[in-house]
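In TrEMBL this protein carries:
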- Asp889, Glu891, Asp998, Asp1051: divalent metal cation binding site (BINDING)
- 1128-1139: compositional bias 'Gly residues' (COMPBIAS)
- 493-836: domain 'USP' (DOMAIN)
- 395-427: region 'Disordered' (REGION)
- 1094-1139: region 'Disordered' (REGION)
Amino acid sequence: MEADWDEVARIFLPGPGPQDRALPTPATTLAFDPSQELLWAGNEYGRVSSFYGAELQKYTSFKAHPSSEGHVKQLLFAPKGIISISTRSIHLSSRRGLAQWHVADENFKDLRCISFTAKGSSEILVAGCQDTMFRVDVEKGVIVETLPAEDHYTLMKKGGQYICAATSTGAVHILDPNTFKLVRNWNAHQSWIHDMDAKSDYVVTCGYSPRPHTAHGYSLDSFAKVFDLKTLVQLAPIPFQSGAAFVRMHPRMSTTSIVMSQAGSLQIVDLMNPHTSDVRQVYPYDSYFTAFELAPSGDAFALSDGHAGIHLWGSPAKMQFTEYSNPTEFPDTPLPVPSVDWQPDTPLSTVGIPYYRETLLSAWPSHMVFEVGAPLPKVDPAILANLKRAPEVGFYGPNPRKTRRNQVENTRSSDRQENSLVAPKFLSEKARDPQLQSGDRRMSDALESFGDMLLDGSTKAEVPVMYRNVEIKYSKFGVDDFDFKFYNKTKFSGLETHIANSYANPLLQVFKFTPMLRNLALRHAATSCLFENCLLCEMGFLFDMLEKADGQNCQATNFLKTFSGLSNALSFGLIEEHAPNSALTTMIQNFNRFILEKIVTEYRQMSPQASHLEQAVSTRAVAHMRCAHCNTHSTKPGTVLVHEMMYHQYEQYLRFQSKKPPARAMTFSQILKASVERKEKQRGFCNMCNTYREIHSEKTVQTVPAVLLINAALHSPEAKQLWSTPNWLPSEIGIITDKGSFFCYEGEDLKFHLQRGSFNTVVYELVGFVADINSGENQKPHLVGMINVAPSSLDPQVENQWHLFNDFLVRVTSKEEALRFDPSWKLPSVLAYQVKSASHTIDDSWKENLDPSLLYRRWTTPQDEDPSTFRLLNSTTEAPRPGTPFAIDAEFVALQREEIEIKADGTRETIRPPRLGLARVSVLRGSGPDQGLPFIDDYIAINEPVVDYLTAYSGISPGDLNRDTSKHALVSLKVAYKKLWLLLNLGVIFVGHGLPKDFRTINIHVPKAQVVDTVDLFYIPARQRKLSLRFLAWILLNEEIQMEEHDSVEDAHTALKLWRKYEEFMDAGVLEQILLDVYAKGFKVGYKAPGARVEKGMGPSGGRETPDLEGGDGRGPTTPARKALGFGARGGFGGSPRR
């Protein structure tokens, strides 16, 4: 509490009946709204009222419970509104007073308290002075489960990882929020607990004890009791001679507690040093206080007294209930009706019709609008032309019978939203439809006709098509059958969305197109770093894949898997599964801060002396702190990786001065300067005063980074409106640092300083930003990237090539469209600026500095290896070089089963495909004297649960991938992946069967020039059937493989032989005839090799399995004698079909 704190407002809580005759009623409970500037109160008649702002203007008032149920016991806030509880019912209303649901049950006898459970704000636990508790679903308003109660509970608070429940006998029960079992029983007071609060790792209570000499036999304890929820032990109590009646933990200082008596004596105490305190006095005006509540910001508190009064205390200069409040809805002020000079000859056109740019309140919500009836189906013109006349009937014609019996045409399909994103046909459907192959237009082509549709004056219901949610559809062939090219015809690759935590996709794209971050990430990935959880390596692998893909869709599987496995990512609330109610814009800003700290640390691990990455992204500054009480000054040097935008100056100007926007709004440069220097007043501990005081802080900037990353931090409506100013975000800014001062310029000011040349002005260019898109009422918010790809181009003449990256939808857009914002649906989250001098600097020297030592590293002891079945490469004679062939095959296990939805008509739709994990990868020499000999045969350790080992298809058995039980020398996924990545960038040729699916699951992109796939070598497109490896081995090599289980070494070796056989056929000029014979014989035997099994379940695609054989002699075609070349006759890669 600061020196200027005083009573800001005092009102009386209205009672029942008409307002002009209603007598005030005491408040039975108080609560500050955590998201809006509202104070809520309940009375003894079941009515809930709210008051707005520092003046406590009446906002809403509604009857939540019947008067017969008595007092409103407690208030709790959920995203949908406010939850209140009385003895026999629970009620949820919106903040505007509209009832959402009301739960009353015969088992409700004497309810007293509620608390959120481990599921967050989607579920509450309700208890009272009765033997049962209840789990209630907040979304549906239904009782999920009835639970036995350990005791009768009067108060309940959620603190740390537990629920703290006060019993009617003075004890506190520490409950598990998942099982609701008793973890610890703490006897706090001898009679009952009057007030309790829990925050972070502490719970503090005030209560009564027997006092025979008092009028009622009980009195308030002179101590507030403290309990540590982390160690589950009692701490030293807080002495309070006046009798501790109320207690609240400070919302921003985790160890600070405020204790108060009924007479108004108030004490601020540090729990770590309870004997030193700051004592204040609040006067109750000839009454006593009945309730005490502290605002979430810590800048205000509210009191209720016995005379039905509500007092608001705080600093008049900085009164604010929440630190970042959402706008509160108010009814629109009716505009005065204009006077019209009406005459009999006045034209009606003078009466204006209003134009609305936003959805009207009178409009029905989309989920309540239903289509009734349908337009008549259009008659085929060919039928109309051939109608015959019938006497007294009219005209008749033949029935075309385009539908089945009792089936009608959906005539509304043509009138569907023309501006919605409709999924394209699957590739397999297009392959069967020649009209689609020739006449189907790409979506991006079709959208050219309305490229800027709805971009001007768009409302939330009219979000441009390209910004809307995109979704992957799955056929029976999986995700490979989805036409990603339908959404992207640029040379820049998008990222898929079906992976957990893919909300990070836009920011990863921004990093990729920031040349300095791209160069440093790839340079680090090329080192010998083998840290399993290194996100900087994974970022380098991802950037390399996006560049090699050249417009094909990619997925950040390995990066996001590594990120999801980090424990501190979970604790920071960055995992979507564990933060379902978190706003995406908040998550991406926290992710930005987290990822930068992580990669800076990882870069330093490999090069302790090098600080290139830290210098590239961090601002060096010195923080100056001064105590407002004793004027003690201290400094603290440090670095800042991400700057949070601060709009306090602009908001205060609007709030406390004119209440209107200034004639000239503050520029982006002015806001950025205030955000970097961060002149703040905040509560902090002063070593000289030995207590908490107001601390004034400011930063002086020493150096600025090459890459300036900024979190937009938009929380207030004033700030959001500022961003909607046309051309407010500059594409270039100039920064000057001089003797600790920080100056930022844009536009004409920047040109002036550049021409003047008095200071060293560093010019930054906007590379891109992540935008938060709110597509509408029934659409999930999502994030997109708006990126200027010009700075990452090798051509220095290229400028302003802005692209929209909406996950796997990529589209060219204009600079004006990219930098246009709308508070209703498009707002920035993260901005990235880079020094302009670093543009077009693409460093690919890492390719010449690859460290291939991993390929020659031994993971087992020499005596465990059989040289005839496995031998490492010789770094001198067998070093991989461009064009060197290597055979490869991989095996996978299922880590997650597919999710399937069965519709009402019985059709099945795949919601999420199965998730596979790499279990084994084998790479064999493709040429030379040791052709066919493996040098990589890695089994990968998997730490997450395996739902299916797919043993029949993978050859992997339970226990093979467990470090404790496996008979193999297991390696990490990082090691196995990096070996393949090194071979890829050394330019080798990969030979295998059905490789695209393997590479996709491994999460690596291999250019077509470096792939020889035997599926395509022995394929006739007109037949629309690809042949399995086993069938090709039987019919071409006279070999039987995969008799029991798959073996990746055997499969890779077989593919290598097939490739050599293909070369023989090519050299002999008989390939076309051989293929015709293979397909002819395959047709006779059903394309099945002898002994092939038919197994149901999750098997690999790409033609690796074939059904049972029904005939055939098993003899394959032989090579004609005119070119009798045996297998392996070619020593090198000279016989490649890509020569």
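Any Cβ shown, glycine's included, is placed from N, Cα and C.
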Local Cβ density at Asp889 (divalent metal cation binding site) - other Cβ atoms counted within 10 Å: 28
Cβ within 8 Å of the mean position of the Cβ atoms of Asp889, Glu891, Asp998, Asp1051: remaining residues of the chain near divalent metal cation: Ile888, Ala890, Arg920, Val921, Ser922, Gly992, His993, His1046, Ser1048, Ala1052
Number of Cβ atoms other than its own within 10 Å, given for Glu891 (divalent metal cation binding site): 26
Residues that sit under 8 angstroms from Asp998 (divalent metal cation binding site) by C-beta distance, when 6+ apart in the chain: Ile888, Asp889, Ala890, Gly992
Asp1051 (divalent metal cation binding site) CB neighbourhood, other CB atoms within 10 A: 26
